[in-house]
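Peer 1: Okay, here's the structure, questions in a sec.
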């Protein structure tokens, strides 16, 4: 049986470690998702919660214009307070619409708590019994099979949340959370739509549709009453009420949007699908394991209790300590690599200069060590042979050039410009001194060679004269 609700995954549960010295913080303050919290974690919004203000304006502004310029005229035209009821219905619809909007966007949509650690992979021994593997080489399978109503359903592993997602759950890349029965992320509400707020989302869309139809219909009624009372055509009546023209055009455009969403979600509820499943899995090609019939599907959405949140955002938990280095394949992994993995888990892209800054920071020390070792090598006694000394000077100068280029480039990569410039000046001064010594030695060698040639020529000449004299004798 696949365990989808491990006991250590509950966010907001008190820490069982019992460490009295641990710093306690509210769960929402250490939340790893991208949610925005208000009133001490009581209200949970998505990262794009500011879009709610735009949505509220698009709903309230037309209704205010309707009540001031159109609905107010009905109070005197209709007897027995029927004109007041027209305004009351419009105000009631907008109040319901705003309530469903806030309830949908300000609550936990069904976030699945993250695991503190990844689950242990199961591997099979030779005898067929499963065991838990603790070796780094073991890898978790990407998918697992689960039987739902006699139909095999694949569940996927989430690397960010470190868990196997339950059926119908998905990870929202905007909120950076796994959401149970994920439908979609609504940009107008700035929140994910899932198990705990889907019914309120549908009621919000339905009320918006009814409000558009209501305003659109009574604007036309007002235009017709002007035509009949003043015996004018429709164009002249439009000129007498420009607010009605604007509202008719606005509501006609909006009703296609919200009305289309209402019809689409009515179809999804009748077939027990989510928007994500409809676009991704295509249940029309194979059987839907969650379909309970039309009546059963609507009962599941509207006549069941709202699921309890798996998160307690106001509970106090221990603050997570910094991630220490850990052994990987017999070696210690760098803390910078741990930082990269933490950034990936948090949904943030790792930055290159942050990940390698610590690694390149030690290169200056290596360069100083190399310079010191080179200076010590110059304290060795010189070579006795002149030819070996010249070759040694050439090889050492060539080696210094290579080492100098490598160290200077290493210094530039490490970012130590001041150190590399000081080393370059020191090496240039010492190279000039060595070059002067080599040139003086070469001039002395040339002078001695010329002296040897003169002596040899003199000896040869004297030898020739001596041979000539002997021949004469």
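From the backbone N, Cα and C atoms, a Cβ is placed for every residue, glycine too.
Marked as region 'Disordered' by TrEMBL: 1-21, 371-451. The compositional bias 'Basic and acidic residues' annotation in TrEMBL covers 1-11, 385-410, 423-437. Sequence annotations record features per position, and here TrEMBL assigns transmembrane segment to 52-71, 83-104, 200-223, 243-268. Among the features that TrEMBL reports, domain 'Palmitoyltransferase DHHC' is placed at 154-280.
For the listed features, I'd like the structural context: burial, neighbours, distances.
Peer 2: Through the fold, the transmembrane segment (83-104) approaches residues 52, 55-56, 59-60, 63, 66-67, 71-72, 74-77, 186, 189, 191, 193, 197, 200-201, 203-204, 207-208, 210-211, 214-215, 218 of its own chain, all at least 6 residues removed from its boundaries and within a Cβ separation under 8 Å.
Looking just at the domain 'Palmitoyltransferase DHHC' (154-280), the mean pLDDT is 94.
Residues 59, 62-63, 66, 70-71, 73-74, 86, 89-90, 93-94, 96-97, 100-101, 103-104, 107, 183, 186, 189, 193, 234, 237-238, 241, 244, 247-248, 251-252, 254-255, 258-259, 261-262, 265, 269, 301 of the same chain lie 6+ residues outside the transmembrane segment (200-223) yet bring a C-beta within less than 8 angstroms of a C-beta in it.
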Peer 1: DSSP says what for the domain 'Palmitoyltransferase DHHC' (154-280): how many helix, strand, coil residues?
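Peer 2: So the counts come to 76 helix, 19 strand, 32 coil.
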